[in-house]
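Reviewing the structure listed below.
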Amino acid sequence: RHGAVKSEDTFKTSPFHLDLWFYFTLQNWVLDFGRPIAMIILPLEWFPLNKPSAGDYFHMAYNVITPFLLLKLIERSPKTLPRSMVYVSIIMFVMGASIHLVGDSVNHRLIFSGYQHHLSVRENPIIKNLKPETLIDSFELLYYYDEYLGHSMWYIPFFLILFIYFTGCFTPVEEESRMPVPALLLMGPSSLYYWYLVTEGQIFILYIFTFFAMMALVMHQKRKGLVLDSNGLFLFYSFIITLVLIAVWVIWLWNDKILRKKYPGVIYIPEPWAFYTLHLSNLQAAKESL
């Protein structure tokens with residue numbers, strides 16, 4: 001029966017999944033974080049503006065590899081997990097990531113035409129002068145698919161699958177609640193990527209609710225005499241470090257008036273690419289003009 005927890009699963013444990021966590025970290029950095037960088041660095045002549053960029057091909061590879069790695073991670077859980085929920089989440093993940101691929105491709109290509117990510121769609125100089133004005137509505141629709149619908153259908157299933165896996169990462173054996181050295185080495189790059197994911201994806205509420213759910217589950221299982229195994233510790237500590245990095249990021253940019261205008265409201269977490277187009281791209285252009 002899908003989703004049923006077998007009695008023999010209760011006290012099974014699994015070693016640290018070095019291969020899977022390493023592949024996760026590597027492909028996240030290369031295929032997700034690296035895709036806009038590849039688009040900017042590689043010569044424009046290789047990837048014309050009316051064709052997919054190098055970053056788009058990175059995104060396509062990410063959309064195939066990540067669901068496969070998530071499924072392999074679920075398969076290695078020592079506990080039988082709700083497979084129907086996992087499969088539906090994987091399907092939604094692929095749909096959301098694919099929607100994001102299209103919107104993000106166009107939005108990032110607009111950088112070459114002068115689009116500035118630290119401004120809203122209607123405030124961008126290259127957008128607000130479009131005629132007829134209904135074209136601006138089309139660009140806002142594109143932005144909605146990219147930043148809202150695509151992100152929601154992408155990240156909600158992603159964090160849900162991680163949490164489902166996390167529920168099976170408990171053991172009654174204290175000696176197995178330790179992380180090997182490779183896990184400690186991977187924790188930094190993994191946490192830094194989650195920082196990028198939360199800030200660039202503007203999904204702090206989703207992240208913090210997932211983290212609170214993890215904390216509640218850890219305290220609940222502790223009353224039963226269960227502790228996190230090495231894989232659970234790796235995921236849990238990575239989320240803790242991510243929260244620290246987000247706090248440092250917000251404090252650093254707390255008094256930035258332009259970014260404050262772009263991100264109003266109680267939760268102020270600027271996107272790294274908005275920071276880049278506001279501060280770093282202009283600095284780079286000034287250096288090239290010298």
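Cβ atoms here come from the backbone N, Cα and C positions, even for glycine.
Just so you know, TrEMBL annotations are computer predictions that nobody has curated.
Nonlocal intrachain contacts for the transmembrane segment (20-42), taken as residues 6+ away from its ends with a CB within less than 8 angstroms of a stretch CB, comprise 53-56, 58-59, 61-62, 65-66, 69, 72-73, 76, 108-109, 111, 182-183, 186, 189-190, 193, 196-197, 231, 234, 273. Per TrEMBL, transmembrane segment is recorded for 20-42 (among others).
Taken from TrEMBL, the feature transmembrane segment applies to 57-74 (among others). When Cβ-Cβ distances below 8 Å are used as the criterion, the transmembrane segment (57-74) is approached by residues 17, 20, 23-24, 27, 30-32, 34-35, 38, 81, 83, 86, 90, 93-94, 97-98, 100-101, 104-105, 158, 161, 164-165 of the same chain, each at least six residues removed from its ends.
Taken from TrEMBL, the feature transmembrane segment covers 86-103 (among others).
For 154-173 (among others), the entry in TrEMBL reads transmembrane segment. Listed by sequence, the residues of this chain that lie at least six past the ends of the transmembrane segment (154-173) yet keep a Cβ under 8 A from its Cβ atoms are 9, 11, 13, 66, 70, 73-74, 77-79, 81-82, 85-86, 88-90, 92-93, 96-97, 99-100, 197, 201, 203, 206-207, 210, 213-214, 217, 221, 225-229, 231-232, 235-236.
Same-chain residues lying 6 or more positions outside the transmembrane segment (203-220) and placing a CB less than 8 Å from one of its CB atoms are 151, 155-156, 159, 162-163, 166-167, 194, 197, 228, 235-236, 239-240, 242-243, 246, 267, 269. Residues or ranges marked as transmembrane segment by TrEMBL: 203-220 (among others).
Per TrEMBL, the feature transmembrane segment maps to 232-254 (among others).
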